[in-house]
Amino acid sequence: MAHPSQLGFQDAASPIMEELLHLHDHAMMVVFLISIFVLYIITLMITTSLTHTSTMDAQAVETIWTILPAIILILIALPSLRILYLMDEINDPHLTIKTIGHQWYWSYEYTDYEGLMFDAYMVQTQELPEGTPRLLETDHHMVVPTDSPTRMLISAEDVLHSWAVPALGIKTDAIPGRLNQTTFTTSHPGLFYGQCSEICGSNHSFMPIVIESSTLNSFETWSNLMLEP
Ligand SMILES: [Cu+2]
């Protein structure tokens, strides 16, 4: 999860987030190089009164400074498209979970099990157990097995919500009357926190998401406990 005064992204907890971090670093590198070059040119222009007469009307240099930026843009766009298609890929998921946004909590339904469903409300500050993050903890965690491709079906009951978990690189809108789909695979066990990311009303900030990635054994123990009458 995020730590105080953090500027960068959260650590990746899924292969897709790993890819997104790489793309971010790649794009930032290009931005830095261009910024330094432009700043250098600006410094040159304001510290000298000389003008290159050869660049005042030169077709060759115009061609170069038109084509070069186009190539740089393609070098950013292609890896971005690659990740876009990777995120869209859904190959034989081990588990499907349907989540529905409500004002103001998330409900979860494990559609592979009969009757495995629950609501996840935020834990109020005065009831918060020692050591859990304020405004991020929920009374029920969404438990998934580590390393298992999981399909999320996301919708909303009343207004627009958005199901977002930064460490997994997921942000999918929850829209009433529409079922959105996304997938993720957690790469290690742990708790991954997220929040609703669509302004949905007065308690928008108080409907967090907690994903608990654990071993398959723990997941089965948990699901059996949840299914007990
Ligand atoms: Cu919401």
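Cβ coordinates come from backbone N, Cα and C, glycine included.
Automatic prediction, not curation, is the source of TrEMBL annotations.
Per DSSP, the secondary structure of the domain 'Cytochrome oxidase subunit II transmembrane region profile' (1-91) breaks down as 66 helix, 0 strand, 25 coil. Among the features that TrEMBL reports, domain 'Cytochrome oxidase subunit II transmembrane region profile' is placed at 1-91.
Residues or ranges marked as transmembrane segment by TrEMBL: 27-51 (among others). Within the same chain, residues 72, 75-76 sit at least 6 positions outside the transmembrane segment (27-51) and bring their C-beta atoms closer than 8 Å to a C-beta of that stretch.
The transmembrane segment feature in TrEMBL is assigned to 63-85 (among others). Same-chain residues lying 6+ beyond the ends of the transmembrane segment (63-85) with a Cβ under 8 Å from its Cβ atoms: 16, 19-20, 22-23, 26-27, 30, 34.
What TrEMBL lists as domain 'Cytochrome oxidase subunit II copper A binding' is 92-225.
Averaged across the domain 'Cytochrome oxidase subunit II copper A binding' (92-225), the predicted model reaches a pLDDT of 94.
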